[in-house]
Each structure stands twice: as structure tokens, then as C-alpha cells.
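J.: Per Swiss-Prot, the features are:
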DISULFID  Cys7-Cys29  disulfide bond
DISULFID  Cys13-Cys34  disulfide bond
DISULFID  Cys17-Cys36  disulfide bond
SITE      Lys28  site 'Basic residue of the functional dyad'
SITE      Tyr37  site 'Aromatic residue of the functional dyad'
Amino acid sequence: TVIDVKCTSPKQCLPPCKAQFGIRAGAKCMNGKCKCYPH
């Protein structure tokens with residue numbers, strides 16, 4: 001799931017992804033936007 005959060009590294013995406021999808025969510029930075037992987 002791509003969320004509207006700008007990023008330069010996956011670390012920046014973990015907090016918003018965890019907030020939205022739960023503590024075990026994974027995150028990647030793709031094309032300057034965060035992509036979350038709910039588990």
C-alpha cells in the first residue's frame with residue numbers, strides 16, 4: 001500500500017506504516033513515496 005509520505009529511506013516509512021497498519025508492518029521507499037506492507 002503506497003501512502004502519501006515522502007521519503008528518502010525505508011527507515012522514514014516505518015513509523016507511519018506502523019501507525020497505520022500495526023506494529024509488524026514492513027516499509028519500503030519507492031519513487032520518493034512510502035510503501036507499506038501490512039502483515
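Glycine is treated like the rest: Cβ placed from N, Cα and C.
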J.: Please list residues from the chain of Cys17 (disulfide bond) whose Cβ is under 8 angstroms from its Cβ, counting only those at least six apart in sequence.
T.: Ile3, Ala25, Gly26, Ala27, Cys34, Cys36, Tyr37
J.: Look up Cys36 (disulfide bond) in the DSSP assignment and report helix, strand or coil.
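T.: Note: Cys36 (disulfide bond) is in a strand by DSSP.
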J.: Have a look around Cys7 (disulfide bond) and count the other CB atoms within 10 A of its CB, chains all included.
T.: 20
J.: Return the residue, from the listed recorded positions Cys13, Lys28, Cys36, Tyr37, with the maximum count of other C-beta atoms within 10 angstroms of its C-beta.
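T.: The residue with the most neighbouring Cβ atoms within 10 Å is Cys13.
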J.: Rounded to the nearest Å, what's the C-alpha distance separating Cys29 (disulfide bond) and Cys13 (disulfide bond)? Just drop the number here, would you?
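T.: Rounded to the nearest whole number, the Cα-Cα distance is 7 Å.
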J.: For the disulfide-bonded residues listed here, Cys29, Cys34, which shows the highest count of neighbouring CB atoms within 10 A?
T.: Cys34
J.: Taking only the Cα atoms, work out how far Cys13 (disulfide bond) lies from Lys28 (site 'Basic residue of the functional dyad'), in Å, as a whole number.
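T.: Cα to Cα, Cys13 (disulfide bond) and Lys28 (site 'Basic residue of the functional dyad') are separated by 7 Å.
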J.: Once the DSSP letters are reduced so that anything not helix or strand counts as coil, what is Cys7 (disulfide bond)?
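T.: Where Cys7 (disulfide bond) sits, the three-state DSSP reduction gives coil.
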